[in-house]
Amino acid sequence: MLFYFTFIFFINSYLCTNLYCDTCSSTGCSSSIENYMLINGQCKYKRSEGCEFFNSKNICTECTDGFKMDFSRKMCVPGVELCADIIVDNSDNLSCLSCYEGYTLTSATTCEKCKSYNPSCLVSDSTCTLCSVCAPGYYIDNNKCISIGNCQYPHTSTPKICSSCIAGYYLDETTRTCKKGNITNCIVYYDAIKCTTCESTYYYTSGECQQYFHCLNVGNTGCNFCEYGYGLKDGHCVKCNSNCIECFNDSDVCKTCQHGYGVINGKCVRCNSACKSCDSTSSEICTDCYEKTGLSSNTCVSCGANCLTCENDNPTKCTACEIGYVLTNINTCKKCGNNCTDCSATNTEICYDCQATYFLNGNSQCQTCQTVSCGALEEFQCGKCLEKCTFDNRNGNWLCNTNENCYIYDSARGKCTVCNDNYYLDNNYQCQKCNKNCVSRCTNNADQCNELEDIRLDENCLIFGQDHVC
């Protein structure tokens, strides 16, 4: 008996697992989903040039770009589609419900661009002169669409009279016209002094729309949902209790506490100092730990040396290491080569990434920017040496400038050739500071100024020498 039911279930499951089958029976698939057709019990993709969608009866209901519907033949032919909404009736006949903007429906299957196109007229006769259906807010008068100022829907029995107004307007019962309301943030008015619907996150009270602060969704009786860190109280959002970062609809009942606190009876209670979070029954029972510690017997203990994280109940077994260390196959952390932040576990001298101000050279070693000349093709090398590398707008090259006071750096020679103002180039191609009295640069040494600052120590002296002696 067990075998029988299992077999039947398998057969039915197999017959109905076809993703493109809409309904199935004991003999197989009986109908297909849209864009597929049923052939010998199998759902095959319905392909027809120009058709975008087929319904379950294999009738095309939408054409692809560059094709339009031939309503009489029920197929897509080359052309521009003017009908925006094609419908199928119970007899499988096609007709157009509405046209694209700029065109008017002049018959059940025809959209025309009338010479005197009126966007308020949705359905017209074949001559585009006699309108039979108008857009909302308009009524027909002598076969033309007439606007009712700021009206959303005309009265059904008396079209010239408005029954409801557009947003921000109210219906004057005396004149039956729409007038602009004066209640700030009101969308739908009941009358001149009462609002029935305020803007999102606002509610109506005491003759005005007031805001629900920190509310995500407003209902008929108040706020339904609050922002993260806030809970409901009397229909308003109030901040969760102290140390609580997520509370239930009742702001007094905490769901999630800050690190170092645990939820006990809906309140945030300080956990044991070693715990990142603790159990709802006791602040001494840790449920999660901070970095470099692992959970063991409900307490947080130190991980192995240089571990960032480790396994629970086995804190000596590392799962991630500190920067500059790599995880070995025995779950310990091994130091990478000099200035490496990441390296190979089998050979720690093979670096994958380097510390700031170092770049990875061709030997998988971390090299300081000061030891390399950086040209246009070496931009990737200088990327990690931001404070040492500068961009030369004159030639579009990145220059490895090992001297922050260098003005022109020769990347080919790896040497500075011109220093900034008030600096001179020494014999080692390093920029040294000039004498404080030099106006711009100095030559060979600090005291050989190209231009001496005019410091008149003696008001009676007309000319000073470089030694500042009159």
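Just so it is clear, glycine is given a Cβ too, placed from its N, Cα and C backbone atoms.
Quick caveat, the model's predicted, so the values are computed rather than measured.
Annotated features in TrEMBL:
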type: SIGNAL; residues: 1-16; note: signal peptide
type: DOMAIN; residues: 62-112; note: domain 'EGF-like'
type: DOMAIN; residues: 239-269; note: domain 'EGF-like'
type: DOMAIN; residues: 302-334; note: domain 'EGF-like'
type: DOMAIN; residues: 388-432; note: domain 'EGF-like'
- line: Restricted to the domain 'EGF-like' (239-269), the mean pLDDT of the model is 85
Query: Do you know the DSSP helix, strand and coil residue counts for the domain 'EGF-like' (302-334)?
result: 0 helix, 19 strand, 14 coil
Query: With DSSP helix as H/G/I and strand as E/B, how many residues of the domain 'EGF-like' (239-269) fall in helix, strand and coil?
result: 0 helix, 17 strand, 14 coil
